[in-house]
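In what follows, a structure is listed as structure tokens, so that the remarks can point back to it.
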């Protein structure tokens, strides 16, 4: 994998390196032996990925426009797939030990890109709010044949299991039916999601300038995949693109804009498989999590893993963006707020801060976004950490922050 300081200099690369395999650009099988380029990255990051000989690699390293080269890595889904699938499970109609209190507007107008195995977009739980964005894996189908992506999408936005029940979910397929893929495909997926989000944001800005209204409130990316080691290219792609949520065991969790999520149980204990330590930002449910699944339009499954905690947090970001739109959006769409929060020129961060109970609000620095109409990833992360319930978890190893995600919905 190569990243160039200027992609226009790509033509200077050795001819052997630029030879595309049979079938055209992007047709190289997953980590195949065929020499040639698999992906060309433009805009988000400049560079390309492929399989090259040692001679070509040596030539590429000597090129001044090449910042670095790294090996492509195999990635995989991270949930425990030893599961049972039920259709119309009888326990869905029973009461639960706890109740999920939420604002029904949570997630409305927000797009969530699920970089994973795809989504069962025809599942009844999505109520028409799921769509197919892109299949990055070459020679693959626009279908979730693994189930991991659909399960994550259901945790984010499905009617029964979702945190942000009004959000839209978009499938970005980067792993195959066996749950494995490549880091280069993930980077291509991140690039696609960031570009699509930018187009939607620009259209929303244009619409707001013309009419004073827009229904698009922002975009979120969820990625719950594991890989050994850290990918500099993936971290760079995230840092210049979008907020996303992964476990610390996965690159690019070490990217500056990532929120590192640990898994908790129904008893508010750290799940036995969860990551821990000072790198963890928050915890979310990750043990025996029921959600939507592949196959039938009403298929469900229960899965355990840090992968299940990640979409809970991504869903919470979408939930908050749906309720607290930024200053580019009509204030009538925002949650009715007490007088102190009603401002003629408000932003999401200020509104979030004003809506918090005083002890929580004091934890958030009183800073404004770089622009009055934006909410930066760092500010959203600060809001999530401030909203989190502290001290709720047990069985935490030393130096692990004790924070459990919370949506700030309290029954009056």
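Yeah, the Cβs are placed from backbone N, Cα and C, and that goes for glycine too.
Record features (TrEMBL):
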type	residues	note
DOMAIN	34-78	domain 'Inhibitor I9'
DOMAIN	107-328	domain 'Peptidase S8/S53'
ACT_SITE	116	active site, charge relay system
ACT_SITE	148	active site, charge relay system
ACT_SITE	307	active site, charge relay system
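Residue 148 (active site, charge relay system) and residue 116 (active site, charge relay system) have their C-alpha atoms 7 Å apart, to the nearest angstrom.
DSSP assigns residue 116 (active site, charge relay system) to a strand in the three-state reduction. DSSP assigns residue 307 (active site, charge relay system) to a helical segment in the three-state reduction. Within 10 Å of the C-beta atom of residue 148 (active site, charge relay system) sit 28 other C-beta atoms, taking all shown protein chains into account. Note on the domain 'Inhibitor I9' (34-78): mean pLDDT across this stretch is 75.
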